[in-house]
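Everything on this sheet refers to the single structure shown next.
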Amino acid sequence: MRLLRAASSLARLHRPGHSTLQQVLISCRSCSNGITPNERIRNIGISAHIDSGKTTLTERVLYYTGRIAEMHEVRGKDGVGAIMDSMELERQRGITIQSAATYTMWKNHNINIIDTPGHVDFTIEVERSLRVLDGAVLVLCAVGGVQCQTVTVNRQMKRYSVPFLTFINKLDRLGANPNRALQQLRTKLNQNAAFVNIPIGLEGNLRGIIDLIEERSIVFDGPFGESVRYEDIPPEMRSEAADRRQELVECVANADETLGEMFLEERVPTVLDLKAAVRRATVKRSFSPVLVGSALKNKGVQPLLDAVLEYLPNPTEVQNYAILNEEGESEGSKILMDSTRDDTQPFVGLAFKLEAGRFGQLTYVRVYQGCLRKTDYIHNSRTGRRVRVQRLVRLHADQMEDVEVAYAGDICALFGIDCASGDTFTARNNANLSMESIHVPEPVISMAIRPSNKNDTDKLSKGISRFTREDPTFRVHFDTESKETIISGMGELHLEIYSQRMEREYSCPCVMGKPKVAFRETLTSAVPFEYTHKKQSGGSGQYGKVIGVLEPLDSENYTKVEFSDETVGTNIPKQFVPAVEKGFRDACEKGPLIGHKISGVRFVLEDGAHHMVDSNEISFIRAGEGAVKQALEKATVVILEPVMSVEIVAPNEFQGAVIAGVNRRHGVISGQDGADGYFTLYADIPLNDMFGYATELRSCTEGKGEYTMEYSRYQPCAASVQEDLVNKHLEATGQLPAKKSKWKN
């Protein structure tokens, strides 16, 4: 009945493309019955740098496939806002904050789409999406080309082996240059890429596109470009189209053995040969097809949808593994998931995102094997808990459709399930399986937060509790020295958004403190230790002795803390080794210089001693802590600071002022680019020096400059900066540095 009501209301709303709507409803019904074969399913994400047009593109996709009745613009200029930006803050700011999931039909294929944020502060949303998707569309701006966050998204897609198409958007913008964007795709991202279609005209003269494989031009008619018309290639563009097609064949031949043989034998590939070769190379991630268009002007979206079906993999063409954790084994073995869409195999699914909805906690799940039915009992591999599926839904932004069953390859959501992001759910008879976890970056910035009204403390703790469950990059702790609640995240915007959500969703206005950088402390060289913890107070006492080395890790592992047990024999019984490790990790929570965490170190336990009566777990915890403190007293300790990769775009006349500003902030310029009266500056700048840069850049470029930044690495800070940080810490904790007191006297 619910589906019939949805169908009748959607039919009343929908005006253009009635046949498409009918197809959607019939197909949605077949999806919920689980009979759509794998070959007709695509799980894709749309990712890019901020303001490349991802959400606008998704809006067009939903309109052309009959999923929505009318289109709206991203910033809510028409008072509505994009369907996929369902959060009020998203419509107000014109940015995507959370990943939004939807599904639609195109040419009898079911496409699950996740629209992801472009802002680096919300990078965990992109990580989650790519982990569970089979393919992706990387959107590039025809003016900006490959930008800061594009590089990050490319790295994330490589981490999860996600094949992707590239869509060069915004060809209608002044200064659009798709050739430069393609060149940057090859040089900056090291991708084997080539045009699959090219534009007819640019900027205000964009009339259509040329399909290089089918060798025809495509024109988009109608008020919203919904009518696609095919014509011959215009005579003035035949030469360029032939050259670009030859370039496409050569690039694919380098990546595909079958087409490579045809190329060497000088045989002309047919349209089907070329499409099959492009698909094989794309699925292997050895080639990326490049499509062009303008989502805002409704051009090039339908060919992109065709390319998603033709070139991106279905769930059977992607190998997904679960880890089988056998008892007594430190490392689990990998098990290949069976993506057959039936109930012959036991269910395995991954909870990749949590969201608090109107009806309770919503858990997004990707089904990797078997099927999940409403009322089924499933097991959480991490906690061992058994939970019942009370309600199973498919999502369209913030709207839902109830379904009875979800099969392998489907993305669905569950209600009322208590879990954390990254948990694996399994059927009862394979509860020791777990999917590979999602990579969670470390927070780089912290702020103190408190409610404006002291009576709202409960609301604050309730909101923070929910946000930390939803977002693994959002952390919170209570500072016992300053008696403040400290929240940590990926950037100022990240924490600012949560502060605003606290006010909107919990009626709890908050006051934020000044941003604090997440410094770290580390050693410069290895230091041996030999520490004995001994305590005797009548009766059984405490005794534990540890011998070993505290050594620094290489610069790539500055954020890690490692423990290595190299003991031989029973001087330290094996049951006490975890206690030594706990003591070591506890001691690393607070460094000796400025009280920040110690990282980039390895604790190597080589030997020790125990007492038959007095040795216990607490003894070796204290011994581990004491060993770290002893080693740090003898070591040279340095402060590590997060360094950001910054990309600045501004008019050429302000180049000198911008470079001077970067130098003042201890930045190191790594490269420069320029086109159409604008220059792009690439630099590595310490995060501690980036506060207030937005205001400075606007001031020195008359409001015409903009910048983006993302976390790059940790590195030792300059000696003068370290001295300044240590002095500030000593002043804040009530200790005056000896140097300053002498100077005052």
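Each Cβ is built from the backbone N, Cα and C atoms, and glycine gets one as well.
Here is what Swiss-Prot says about this protein:
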- 48-55, 115-119, 169-172: GTP binding site (BINDING)
- 39-316: domain 'tr-type G' (DOMAIN)
- 1-30: transit peptide (TRANSIT)
Where Leu171 (GTP binding site) falls in three-state DSSP terms:
coil
Averaged pLDDT score, the domain 'tr-type G' (39-316):
79
All-chain count of other Cβ atoms within 10 Å of Ala48 (GTP binding site)
27
